[in-house]
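Undergrad: The following block contains the structure, expressed as structure tokens.
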Amino acid sequence: RSFARPLLRFLGFIFWGTAAAQLFGGVSVILMLKNYRYLFQESYLSLPGWLALATALTLLPTGVLAVSVSVKCSRNKQGTLMFLLLLLLCLEMSSAALACFYCVRTASQLESAMGYLVQQHNWTCSQDPGNSAVDMIQRKLQCCGVHNYTDWLKASSSWYHPACVPESCCKEKHFHCRGDLGYMEQLSEEGCLKKLEDQLCFAMLYIFWCCTVLSILELLAGVSNGILMRQQPFHELRIL
């Protein structure tokens, strides 16, 4: 019991800090999928992000209760804390499982969607920077094509412009670049698919590991709270 109280108090403060980490992960996933909505048509892909936000909001009162119970035991507070810990465990396990599953599943979807955008892109060598989806992605990620610039040479939309790629393939520091293949040093070499996959998997795996670590901490909090609950006769814990 003498060990359970300080541990529960410490975990209460940790819950407040991890709420910020979960909030960051959830917002990152939601915003990323919103920015690349042309590639991710399914709205359910943002579910891990929303679950992370729900977890972050639930962690705040859980942390308050954990600190409060460690200072002064209360039957109602201890029972409520146990319910919140169980709710958090369910939210985090669901979020972690979905994040891991979506990271693996969306790889083929990304390649197909990017390939379609490249095939359907309408451009000329002299056009001004456009607002099409593929141009936005290439400028933001500093990439060119699906795997590399040669994807543009294979695209049906580039048959009439065999000597250039879209200007969005140009590196930011080359202001006079027009996508001419004669000046390869001015073009981004890496394809967009790998960068998108890395960005998506980083965000999803961030949520996965946050949820996994938090689940372990919540189990410790539940054990500590259970030890303190043993001080109360079982029939007095009416909230349970």
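Each Cβ is built from the backbone N, Cα and C atoms, and glycine gets one as well.
As annotated in TrEMBL:
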- 7-30: transmembrane segment (TRANSMEM)
- 50-71: transmembrane segment (TRANSMEM)
- 83-104: transmembrane segment (TRANSMEM)
- 203-228: transmembrane segment (TRANSMEM)
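Map the listed features onto the structure and describe their local environment.
TA: Same-chain neighbours of the transmembrane segment (7-30): 46, 48-53, 55-57, 59-60, 62-71, 99, 203-204, 206-207, 210-211, 213-214, 217, 220-221, 224-225, 228, counting only residues six or more beyond its ends whose CB sits under 8 Å from a CB of the stretch.
Long-range contacts of the transmembrane segment (50-71) within its own chain (CB-CB distance under 8 A, at least 6 residues past either end) are made by residues 5-6, 8-9, 11-16, 18-20, 22-23, 25-27, 29-30, 77-78, 80-81, 84-85, 87-88, 91-92, 94-95, 98, 207, 210-211, 214, 221, 225, 228.
Sequence-distant contacts of the transmembrane segment (83-104) (same chain, six or more residues past either end, CB-CB distance under 8 Å): 29, 45, 47-48, 51-52, 54-55, 58-59, 61-62, 65, 200-201, 204-205, 207-208, 211-212, 214-215, 218-219, 221-222, 225.
Within the chain, the transmembrane segment (203-228) has long-range Cβ neighbours (under 8 A, six or more residues past its boundaries) at 1, 4-5, 7-8, 11-12, 14-15, 18, 21-22, 25-26, 28-29, 32, 48-49, 52, 55, 59, 66, 69-70, 73, 78, 81-82, 85-86, 88-89, 92-93, 95-96, 99-100, 102-103.
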